[in-house]
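Taken straight from TrEMBL:
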- CYS386: active site, phosphocysteine intermediate (ACT_SITE)
- ASN299, ARG300, ALA301, LYS302, ASN324, ILE325, CYS386, SER387, ASP388, GLY389, TRP390, ASP391, ARG392: substrate binding site (BINDING)
- 125-549: domain 'Myotubularin phosphatase' (DOMAIN)
- 355-399: domain 'Tyrosine specific protein phosphatases' (DOMAIN)
Amino acid sequence: QVPFTVLQGEGVEYLGHANDAVIAISNYRLHIKFKDSVINVPLRMMESVECRDMFQLHIVCKDSKVIRCHFSTFKQCQEWLKRLNRAIARPAKPEDLFAFAYHAWCLGVCVDEEDQHAHLCRPGDHVKYRFEMELVRMGFDLQNVWRVSDINNNYKLCSSYPQKLLVPVWITDKELENVASFRSWKRIPVVVYRCRHLSSSVTPGVFGRLESFWRPRLNPESVRSVRDDSKGPIQSVLSNLAVKQKLRREGGREGAAGCSVHAIFADSSLTACSGVENAGAPQKLLILDARSYTAAVANRAKGGGCECEEYYPNCEVVFMGMANIHSIRNSFQYLRAVCSQVPDPSNWLSALESTKWLQHLSVMLKAAVLVSSAVDREGRPVLVHCSDGWDRTPQIVALAKILLDPYYRTMEGFQVLVESDWLDFGHKFGDRCGHQEKVEDQNEQCPVFLQWLDAVHQLLKQFPCLFEFNEAFLVKLVQHTYSCLYGTFLGNSPCEREMHNISKRTCSVWSLLRAGNKNFHNLLYMPGSEQVLHPVCHVRALHLWTAVYLPASSPHPLGQDDMDIYPPPGSQSQEFSGRCLDRLPKTRSMDDLLSACDSSSPLTRTSSDPNLNNHCQEVRVGLD
């Protein structure tokens with residue numbers, strides 16, 4: 001008998017026995033049931049399987065878990081080793097991933113396929129129409145200052161960019177094509193954020209200030225682009241800064257009518273930034289290069305390059321020294337090895353320090369803080385880039401947006417953030433997560449997105465009341481980044497996902513992690529806060545993400561299955577089940593804190609020591 005409840009489209013292929021355990025392999029998962037616990041892991045979560053000590057299977061997972069399973073004979077161990085290696089082999093085509101079968105079977109058992117498809121696939125209008133809704137939310141002036149370019153329609157300019165791009169109104173599509181010829185993969189600078197509203201506690205009286213991140217996503221030109229220097233997007237920012245400073249010195253207002261064509265930030269609805277710190281000092285465009293200076297120079301020797309301040313006199317170039325994917329992959333492998341040691345190592349702290357994982361997180365957080373502080377406190381435009389622009393760049397930009405904008409700390413806004421900055425701009429989830437078909441270079445695999453989720457977890461730890469979602473939300477997102485149960489993170493680019501029609505042939509992970517799912521709602525969340533976050537980035541202030549890297553044990557107690565059986569439509573109100581409530585601490589709280597503070601109402605909270613209760617009653621009688 002199959003020892004677990006199968007999902008739609010799931011079939012058990014092998015069923016047998018290990019030492020004191022039942023082991024099963026389906027087309028989706030490995031299931032090992034012990035006497036008092038269970039291991040349940042998706043096949044695509046596994047990175048490698050090998051035989052150790054002749055009788056032990058050693059399974060290494062992409063989220064840092066290590067699973068060990070013992071067999072009574074060497075032959076039996078080898079047989080299950082071959083089965084698992086076949087099961088976790090790279091797919092020959094996308095349709096071999098379980099996400100496609102799961103969705104097809106979900107439709108097959110439903111009477112009304114159209115309604116079921118909408119429930120399974122559509123993450124919500126806030127994700128489907130995110131580009132248009134974000135333009136409205138951030139208040140971009142599409143009449144005088146900005147325009148939406150269709151130059152990438154059908155991905156004809158850049159396959160790793162979205163089809164709609166926001167650019168200054170005066171830059172023509174022909175000029176964008178010329179700029180693209182000087183960019184790696186033709187990933188031109190585009191606008192991704194406008195800081196419309198700032199916290200009055202940081203910059204009193206300043207609202208509607210138009211500042212943007214420019215995302216070059218580039219391998220900067222080894223040969224200088226004359227168009228960039230004279231009429232390109234970077235120069236337009238510099239020209240606008242000059243206009244701003246002139247208007248500020250004259251005490252005037254920034255208006256579209258009186259500005260030159262290069263003043264791309266001019267907006268008749270905006271006022272001068274009189275409340276910004278150092279408002280009288282000359283402002284410079286901040287160009288943040290995620291690489292180290294040494295890496296940038298080395299890249300230039302290979303045909304790449306970096307910006308030179310001598311060519312852009314009103315800009316400041318800062319190198320953050322973030323490690324590349326190879327260093328991050330090695331760091332994660334060391335972390336996984338340390339966390340999986342049995343028994344617990346006596347030199348745990350020094351071993352953790354040697355992995356440099358927390359150090360890498362610290363550098364990423366510092367880069368995001370630098371960007372948010374430049375925009376929030378100094379009112380400067382910021383340009384962010386690295387070598388290619390699909391790894392370190394989205395890490396910095398997405399973190400900075402969380403720091404600046406409380407909308408991205410909600411469940412809805414976080415979904416928009418991941419879709420916009422990670423999926424739309426071409427983070428190579430297929431290669432980085434290791435489930436892309438026909439991949440020859442295994443060195444492309446790296447937990448870049450997992451590292452970013454860890455950084456978000458650090459923010460959640462430091463600001464527990466300012467996020468609508470809880471830690472379980474992030475942990476579940478880690479699991480399904482690799483599980484291939486949903487199609488959200490399949491493929492390497494938006495062009496590839498559209499080519500395979502993934503959005504209509506697979507389920508969306510956001511249908512599970514939706515705002516109505518109370519299992520992922522942070523009970524401490526205080527909505528309405530406009531606070532800009534200023535986290536502590538020192539390594540000593542960071543925490544190891546134990547829920548991911550150090551779960552209580554690899555097996556889970558019986559009855560706590562990790563696999564998600566898709567909830568049917570209309571069941572949203574029943575998700576905060578009694579089983580979840582049983583895990584919460586049993587406390588009795590006052591329904592009305594105001595009445596609790598009223599001396600006329602009796603106290604209802606009692607102590608576990610009856611002597612203390614009697615003493616409190618006597619004191620209360622004496623006071624009365």
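The backbone N, Cα and C atoms fix where each Cβ goes, glycine too.
All features noted in TrEMBL, drawn onto the structure.
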residue : record                                    : contacts (Cβ under 8 Å, 6+ apart)
ALA301  : substrate binding site                    : none
ASN324  : substrate binding site                    : ARG291, ALA295, SER387, ASP391
CYS386  : active site, phosphocysteine intermediate : ASP289, ALA290, ARG291, MET322, ARG392, THR393
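The domain 'Tyrosine specific protein phosphatases' (355-399): residue composition by secondary structure is 29 helix, 4 strand, 12 coil, according to DSSP. In the shown protein chains, 23 other C-beta atoms lie within 10 A of the C-beta of TRP390 (substrate binding site).
Residue density at ARG392 (substrate binding site): 28 other Cβ atoms are found within 10 A of its Cβ, drawing on all protein chains shown. The Cβ neighbour count for ASN299 (substrate binding site), using a 10 Å radius over every protein chain in view, is 20. The full span of the recorded substrate binding residues, ASN299, ARG300, ALA301, LYS302, ASN324, ILE325, CYS386, SER387, ASP388, GLY389, TRP390, ASP391, ARG392, taken as their largest Cα to Cα distance, is 21 Å.
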